[in-house]
Amino acid sequence: GLRVTVLLTSSLMVLGAGLRCVPVSDLEIRKKLIHGGQLLNGLAGPTVMNAAPFLSTTWFSPDERATATAIASLLNYLGAAGAFLVGPLVVPSPNGTSHHLLVSQSNTEHIKDRIEAVLYAEFGMVSLIFSAALAYFPSRPPFPPSVAAASQRLSYRRSFCRLLSNFRFLMIALAYAIPLGVFSGWSGVLDLILTPVHVSQVDAGWIGFWSIVGGCVVGIAMARFADFIRGMLKFILLLLLSGATLASTWFTLTCLTSVTHLPLTTATLYTSCILLGIFLNSSVPIFFELFVETVYPVPEGITCGVVTFLSNVFMGVLLFFLTFYHT
């Protein structure tokens, strides 16, 4: 049920955020505590990332489901957009790409204090959310809003067998996991990637912020359109992924100035990167609805859990190779 899952998830997040705030002077112990906190936060991730279709099926009628899925799934991305702003604005940049005055005034202790302030603030927010869920978060409404919400679903084992033997589902899952997984890992270290082209972490944060906010707005609009006109999910996805392909090609060619001789300006960098984020992020709720429709009556949580796992695999592969990135 949703209540038990949400309480378990939010308690893991509280514990994980709390471990990162433990005031230990020994750096080795501190590092282990931070890694442990990140691990607990990661264990909570699957619920946050893939519970949206289950939530919308449980609480909303069929003509509202795509919109509800979009709002529930994209609010997670909106939180990430806030992180793109908070980090660079609160913590000074040590990489020499920000304003010289800011660099000269900042020092190691000042940066350390600002990072700790962010960690304490995150712990407070997560604790507040956990308290709210503990006070009131029902598992389901008094009456099922649709036949799908009231119907019996397949068991855990049968669901996995059905998913792994469904070639159509596996193809859609790869179409979701490869671009979204790579983009999630890539956008998370955007300031590192853009440093060689002399883009500050503040500018990188604004690029990430607007790409996610734009993706949320477009994603909700597309989901509302899909609720009004049924059977258009594949067509909408083709449009969004075509736009993402063009935007990523533009971004790549812009950065390869020595080869393409295209002008590398703030405007072109912002526009291409933000368009890429808008097209990819707005495809998430459409993909989720397509998954649920393709493999029904497999439970939504299991379906989206499998595709989230695949997405994280590709994100992990990208981040693994980025550990060898130096220039």
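Glycine residues also receive a Cβ, built from the backbone N, Cα and C atoms like all the rest.
Automated prediction, rather than curation, is the source of TrEMBL annotations.
As the structure is a computational prediction, the values presented were derived from the model and not from experiment.
The annotation signal peptide is assigned in TrEMBL to 1-16. Among the features that TrEMBL reports, transmembrane segment is placed at 74-91, 117-137, 167-186, 206-223, 235-261, 267-292, 304-325.
Between the transmembrane segment (206-223) and the listed ranges 74-91, 117-137, 167-186, 235-261, the one holding the most Cβ pairs under 8 Å is 74-91. Long-range contacts of the transmembrane segment (267-292) within the same chain: residues 50, 52-53, 57, 65-66, 69-70, 73-74, 77, 169, 172-173, 175-176, 179-180, 183, 187, 190, 194, 197, 199, 206-208, 210-212, 214-220, 222-223, 226, 233-234, 236-237, 240-241, 243-244, 247-248, 250-251, 254-255, 300, 303-304, 307, each at least 6 residues beyond the stretch ends and with a Cβ under 8 Å from a Cβ of the stretch.
Contact counts against the transmembrane segment (117-137), taken as Cβ pairs under 8 Å, peak for 74-91 among the stretches 74-91, 167-186, 235-261, 304-325.
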